[in-house]
Structure formats: structure tokens, C-alpha cells
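Copied from TrEMBL, the annotated features are:
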- 33-55: transmembrane segment (TRANSMEM)
- 37-502: domain 'Major facilitator superfamily (MFS) profile' (DOMAIN)
- 75-95: transmembrane segment (TRANSMEM)
- 102-120: transmembrane segment (TRANSMEM)
- 126-148: transmembrane segment (TRANSMEM)
- 160-180: transmembrane segment (TRANSMEM)
- 192-210: transmembrane segment (TRANSMEM)
- 220-240: region 'Disordered' (REGION)
- 220-234: compositional bias 'Basic and acidic residues' (COMPBIAS)
- 321-341: transmembrane segment (TRANSMEM)
- 361-379: transmembrane segment (TRANSMEM)
- 386-405: transmembrane segment (TRANSMEM)
- 411-434: transmembrane segment (TRANSMEM)
- 446-466: transmembrane segment (TRANSMEM)
- 478-496: transmembrane segment (TRANSMEM)
Amino acid sequence: MYASREDIGYDFGEDSKVGSKPIKPNPNIDRGWAWMIVLSSFLVHILIMGSQMALGILNMEWLEEFNQSRGLTAWVSSLSMGITLIVGPFIGLFISMCGCRTTAIFGGILNALGWILSAYASNVHYLFLTFGVTAGIGSGMVYLPAVVMVGQYFQKRRALAQGLSTTGTGFGAFLMTALLKYLCTEFGWRNAMFIQGAISLNLCVCGALMRPLSPKDLREKNVVRSDSEEDRAKALSHSTETIKSNGVLSEEPDKKEEAANEEVLGSVQHIEIGGKSGSGRSMYGLRILKTVSQLTVTVRKGFALWYSSYFGAASLFTNRVFVAFIIWALFAYSSFVIPFIHLPEIVKQYNLSRQDNVFPLTSIIAIVHIFGKVILGIISDLPCISTWNVFLMANFTLVTCILTLPLMQTYVGLAVVCALIGFSSGYFSLMPVVTEDLVGTKHLANAYGIIICANGISALFGPPFAGWIYDITQKYDFSFYIAGLLYMVGIIFLLIQPCIQKKQPREKSTEEAQA
């Protein structure tokens, strides 16, 4: 059954503007250079997420080199993974001011620098700063633009494109694990990190491929989206009346900001025209002034968009469904990470190490996860299927698997549950699509930055929390049960908020009719 944006409480934002004239399809939307953007994002996921999935190889080397506790050493990997996601809202500011391409190129340089400096580490605390913080921030500066650019370049095939690009995580886990294992064996872990830093410079190439769409192209994309959704026409006709009540990001501040910016540039151009009769040195100074003014306008406009998204009167947090989405993200990611970390211990506890060595359960999750992203993306792009419904069904399947996994005590039973976990967790590729539907393309960078920040908090504290529960109970069962129940709370928020938001306009219209 198809569910439109209004059925789940979606806001329309700038997508509510429907042009009266037929627009010629942009050759780069859903085709052409859009597939180069998918390739760029795919490589980013291999180099960043794949490398982070393979940090267990380096973790063993660090334990042997520095002779620190497992808990302290594990924080190096946790910081790198957590900070990559937690810095999302601040990376949104960079994207608003500098664009995705510049942000990604700078992030690639910073990530490579973090790997190279870590090769000279003298203790674990040094790695906290160089690898956990420096490389983590650099990874975040590349990861968010890679996701946002795919959302900008695709309309009809958004879910499939995101699914294909994020499969790089699974491929990267295999490739980077094998690569780091080989490099550490042949050259030692220090030289391995130095070489990996050089490889990470390819992130700058990925960033260079992120050619920005012009504002005109983005407007055409939004018009095409609106025109292709005939069943939403009635909702669009009255969406302007419900903008303030539903918390849609207003565009009036943007218009005022643009007017002020044009006034600044206009004054500079007027001075430049008046000074044409002056000396060459004066003209050179005026050109510098114009460049600085244009840069100032860009920074002001980007900061204004970022600030209004988070703290303005019409911020993203006035959208109740989006707030529920954030609460869900706080609990969701740890439920996916915990099995990866604690499955080896469960296998050892049930004396299944021999079968697991032949085909590890974590490998089953990783392999099926790749197919899950692509298949769920294809299903979500079908015209008769709602992305929101696919997203919810995948979440229900995953939370059921998390709760039932401790009950499986045979290898076959664990393998089946792990396969379901891998497939259902493919909904990660739908997260940018759902976020874009909630807030629109214009605010995707800031909104998705908040979502991955919540995921980062979950990834940072979830596994240590599970370990703490094990220290108290001496069983991993309760870790999965508590994580599953918290995950269920997040899903319930996703279910009840759209119902509340859908009910409120009806009550308001009834009151107006009585008046």
C-alpha cells in the first residue's frame, strides 16, 4: 500500500513549489554524471567504513606494542568510528558554506594525515589524538558529502543509488581486512598505517568527482519530483497553509538574506565601475575586495542556513517526525554493532568455534548486508511501494533477530539469524532517502548530519554498555535483550509521531469549521 508524505507526517519544504511550465529533465539527474557520484560514494565507503570495520587487525598490534588494557586500547577504534558520525552537524556547516566537493577534499587530506601521524605513535593516548580525533574528523568530512551528493543527483532511483554506494562498506570490510593483514605481516603495523595514509589520499579524488549541481538544477529536480507524484497534488495545494504548524523550514529568511547579500555585492560592483578610470593598482585592489565580499556572502549564507536549521524559529527540531527519527537513531546503530563485537564470545561460549572458523558468523552478516542494501533499494524504488513502509518492516525484522539471537545455541540457528540481521540492516541505505523525504533536498546535509551524529553516539557507547552488562551478569544474553528493547522504543516513536501529526490538522480544521 502506498503511503505519501502527508500519510506519515512529512513536511514539504521547498518541494511544494510546482511549476506550471513543463521542465526538460536534467541530463545528470538519475543518469549521466549521477553514476560517477555513485562510484565516488562507493569508493568513499570502501576507504572509510571498510577501513574502520578492519581495525581489529590493528587493535591486536596495538595491544602487543603498548601492553595496555583491552578496554583502553579499544577506545582508539571506538573514537574513530564514533567521531566520524558525531561530527555530522558541524560538517553540515562546512557543506553549507564551502560545498560538498571542498569539504570532502579537505577531509581526505585530514584523514590521510591522521593515518600517517599515527604511524609514529609512542603510546595509546597519542593514538587517541591522531587516529581517533584527527582521522575521525577527516572521515566525517568525506562521509557526509558522499551521502548528500547521491541524494542530490537522484530522484527516481534514490534508494537503489544509495544502496549501491553503501555496499562499499561490505566490500571494504573484506578488502581492507586482507590488505591491513598483509601489510602488517610484511612491513609491520607502523609502515602499514603509513601506506594506508597514502591510499587514503584517494579520498581527495573521490571528493573532486563530487561536481555540484547548480541551484537551477536542484529546482528542476524538485519540480520533477512534484510533477511525478500526482497522488500528492491535493496535499501540495494546501501545504503552504500548514507550513508554520508542521514546522517546515521557511524560505522567507533566505530571501531577506539574499537581498542583503545582493546589496553588498551591488555596492562593491558600483565602486568597481566608478573606479574603472583609476590606476591599475586600484582596480587590482577592487578585485580583491570583490572576491573577499563574495566569499563573505557565501559564508554568511551558509552559516545562516545552518543556524536556522538547528536554532532558528523554523528549525528541523520543530518537525516532530524528524525528532522521533533522531530518537530512533540513538538506539538503532548499537543494535547492529553489538553482534559484530560480541558474536565471537557467544560462539566460544557455545563451543561452536570449529564451525565458525570455517565460515564466521560476522562474515555472513557482512555478505548478506551487501545484498540487503541493493534489494531493499530496488524494492523501495518501485512506484507501488512506500520507502517508509519498507524501512519500518526492515527495522521490525532486525529488532526481532536481536531479541532471538541469544536463544539460538546451534551454529545453523545462529547462521540463519545472522543472515536475517545482515539483510534487514540493509535499511541503512534507506536512511538518507527517508531523511530527504522528511526535510527536502536543501536541508539534507544538516538533517542527515544530526541523524549520523545520533548513530555515532549509539556506536560510541553501545558496545561498552553491553560489556558492562556482561561484567554484571556474566552473560551476553541481557546485552542483546536490553539493546533490543531500547531499539523497540525507538521504533515505537517512529510509529506514533506520524499518527499524532496526522491527527492534529484534522482537529484544527474541525475547530475552524465550528468557529
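Using the three backbone atoms N, Cα and C, a Cβ is placed for every residue, glycine included.
What you see is a predicted model, and the numbers here were worked out from it, not measured in a lab.
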Folded-back contacts onto the transmembrane segment (192-210), same chain, C-beta under 8 angstroms, at least six residues removed: 36-37, 39-41, 43-44, 47-48, 51, 58, 100-105, 107-109, 111-116, 118-119, 142, 145-146, 149, 179-180, 183-184
Tertiary contacts of the transmembrane segment (386-405), as residues 6+ beyond its ends and Cβ separation under 8 Å: 1-3, 8, 159, 328, 332, 335-336, 338-339, 372, 376, 379-380, 414, 417-418, 420-421, 423-427, 430-431, 433-434, 437, 480-481, 483-485, 487-488, 491, 494-495
Surrounding residues of the transmembrane segment (411-434) on its own chain - C-beta under 8 Å, 6+ positions past either end: 147-148, 150-151, 158-159, 162-163, 165-166, 325, 336, 339, 343, 346-347, 352, 355-356, 359, 361-362, 364-369, 371-377, 380, 387-388, 390-391, 394-395, 397-398, 401-402, 404-405, 444, 448, 451
Within the predicted model, mean pLDDT of the domain 'Major facilitator superfamily (MFS) profile' (37-502): 78
Selection from 33-55, 126-148, 160-180, 321-341, 478-496, the stretch that has most Cβ pairs under 8 A to the transmembrane segment (361-379): 160-180
Beyond the flanks of the transmembrane segment (33-55) by 6 or more, those residues with Cβ under 8 Å of it: 76-77, 80-81, 84, 104, 111, 139, 142-143, 146-147, 149-150, 153-154, 161, 164-169, 171-177, 179-180, 196, 199-200, 202-203, 206-207, 209-211, 366
Same-chain residue ranges lying at least 6 outside the transmembrane segment (321-341) that approach it to Cβ under 8 Å: 8-11, 85, 362, 365, 395, 398-399, 402, 405, 418, 421, 425, 434-435, 438-439, 447, 450-452, 454-459, 461-463, 465-466, 479-480, 483-484, 486-487, 489-491, 493-494, 496-498, 501
